[in-house]
Amino acid sequence: SRAIKTNQDLLPETPWTHIFYNDFWGTLLTHSGSHKSYRPLCTLSFRINHAVGGMDPWGYHLVNVLLHAAVTGLFTNFSRILFGDGYWTLIAGLLFASHPIHTEAVAGIVGRADIGACLFFLLSLMCYVKHCSTRGSSPSTWGWILGAGLCAGCSMLWKEQGVTVLAISAVYDIFVFHRLKMHQIISALYKRKNLTLFFSIGLLTSWGTALLGVRLYWMGNRPPSFSNSDNPAADSDSFLTRTLTFFYLPTKNLWLLLCPDTLSFDWSMDAVPLLKAVSDWRNLHTVAFYAGLLLLAYFSLKGSSNEREFNGKTVMNGKQNANGHSCHPEMEYKTLEVKSSFASKEENGLKKHEIQKLQLPSTENIVILSLSLLIVPFIPATNLFFYVGFVIAERVLYVPSMGFCLLVTVGVRALYVKAQKRFLKNLVFCSTAALIVFYGLKTVVRNGDWQNEEMLYRSGIKVNPAKAWGNLGNVLKSQSKISEAESAYRNALYYRSNMADMLYNLGLLLQENSRFSEALHYYKLAIGSRPTLASAYLNTGIILMNQGKTEEARRTFVKCSEIPDENLKDPHAHKSSVTSCLYNLGKLFHEQGHYEEALTVYKEAIQKMPRQFAPQSLYNMMGEAYMRMSRLPEAEHWYVESLRSKSDHIPAHLTYGKLLALT
């Protein structure tokens, strides 16, 4: 709703340049309540969608699916560099295309930010790969690195984690293209032939630092603030709880990639219970996860490998394990010249860097790159540098899932190569095919959950019952299923009794069904839970005014009008509620015959009124107050303004007609 339906930046009357000053939700980026999610290219794509098809969701979904198809094609193309033209590349591409974790990013419109970021992420990486292959042999090589930098910038403007592609490019250059091991990096610094390598790495580092510096400056040099329900661990007073929980969350994310059996639209609140003690059994998962990760990284970075890939066939200890010519690669880290099957090609004028292009990276090289792709883009979501506004978000795994798919593929390939018997080879291959089929079936099932809001929220009840029941209540209310909606709200409050939004929504439902005393009770509870909830003050004041408790209503409206909009999640909605409060306060004064006070309040309302507020009733009441004071020219001005803002506003036609009859 906030990213598209109520986002003023999508409307044609809003200057398109506002997109570059506001966050993803249309709030000014420097505002204290902004989420600091600066994604102007994604918002621009929404605006184009809106210009072409308005609010018809079909066009928005079409763009998301096309973007996902493009990303899948680019990822498969990148996999060819690592696995060659064989079926391993196809397996990597199919794993990515079918993975259920992508459903939220593709089926949920706001997930486009992750898909767009991934698209330019891959374009940047492909440009850098081209730079590596042409470095030292073609002047166009610096054009490729320029393209890599520009695409990295675009990726960051789709979503923040896009900037991490620069680190992945550096990993590719060092560990895949140059095939350096950890112990070789220091000695490589002193070799003159590696100057271009370190110059390229220096350019990547400088550009990354510049992008991050500009990004930090543009968001006002301070991180966003979130409510405790968005990220409960961040709000915990216990250092042990925060540490254990934050260490555990990446483990949970990896499990979602490995076995996406239980998925949810929202993992906030108590969806993942906090780890409060060392004795919590989930700490074993954490230890196993980090131990496995470190061991995999250590053995990949450590020694020299006796395995190389040539044209898609594995060569071990100088002998091919498939039928063909014997190859004896020299263990030189930068270029491995082949003395047998490539000798004739070299004699025919094939250059060393062209021979290198025919070779494929070793298993260890691919593992290093895969781990980097899995870990580095996920780092911004780990709460390591700043707290984030979620516990787990499936859409955030869209980019890291590329590393996961490569890791699975290289692991399967290693098993296939090691297997001696044909039966075992077939078993590995069939198991991989079954995994892809199961992923695809789960994706189809999960797409069914995303068909409509009711199905989506029902599917999330077992993971996050408080949030799911609350959102389901809103859907049932819109379907006029009042008793079911009330039951859903009460279920949500059973799981989490202090949710201000749910208390307010239940109060609103009761108010609309003339159960005013119950509604007042829940509005007061909502205000107690969140003292800045202006809409709860507004409706409380309206009920009190209708019950004849004018003094109590006046105090409520005045208190509401004094609530500042700092650090609020949705300042636009808050300003609308404050404006409505002032409008009702003015009506109260008007009914009491205090027209001067009413005009003063109406003018304050006009000053605080946000752009999306419908002002016709406010303008009409301004005209009424001037009419009662016999200031007819001013009254006529405001009646005309009311009709200009909404030409079919019947009360303004009636009051303006009376004035015309009088004059």
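Just so you know, glycine gets a Cβ as well, placed from its N, Cα and C.
All TrEMBL annotations are machine predictions without curation.
Per TrEMBL, the features are as follows:
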| type | residues | note |
| --- | --- | --- |
| DOMAIN | 221-293 | domain 'DUF1736' |
| REPEAT | 466-499 | repeat 'TPR' |
| REPEAT | 500-533 | repeat 'TPR' |
| REPEAT | 534-567 | repeat 'TPR' |
| REPEAT | 579-612 | repeat 'TPR' |
| TRANSMEM | 58-75 | transmembrane segment |
| TRANSMEM | 109-129 | transmembrane segment |
| TRANSMEM | 194-218 | transmembrane segment |
| TRANSMEM | 284-301 | transmembrane segment |
| TRANSMEM | 366-390 | transmembrane segment |
| TRANSMEM | 396-416 | transmembrane segment |
| TRANSMEM | 423-441 | transmembrane segment |
Problem set entry | Dominant neighbour of the transmembrane segment (109-129) in 58-75, 194-218, 284-301, 396-416, by Cβ pairs under 8 Å | 58-75
Problem set entry | Tertiary contacts of the transmembrane segment (284-301) (same chain, 6+ residues out, Cβ under 8 Å) | 175, 181-182, 244, 247-248, 250-251, 254-255, 364-365, 367-368, 371, 375
Exercise. Short question: which residues 6 or more past the ends of the transmembrane segment (396-416) have a Cβ under 8 Å from it?
Worked result: 75, 79, 82-83, 88, 91-92, 95-96, 99, 101-102, 105, 111, 114-115, 117-118, 121-122, 161-162, 164, 253-254, 256-258, 363, 366-367, 369-375, 377-378, 381, 390, 425, 428-429, 432, 435
For this session: Using a Cβ cut-off of under 8 Å, list the residues of the same chain at least 6 residues beyond the repeat 'TPR' (534-567) that approach it.
Result: 31-33, 225, 500, 503-504, 507-508, 511, 516, 519-520, 523-524, 526-527, 573-575, 577-578, 580-582, 584-585, 588, 592, 604, 608
For this session: Would you mind giving the whole-number mean pLDDT across the repeat 'TPR' (500-533)?
Result: 95
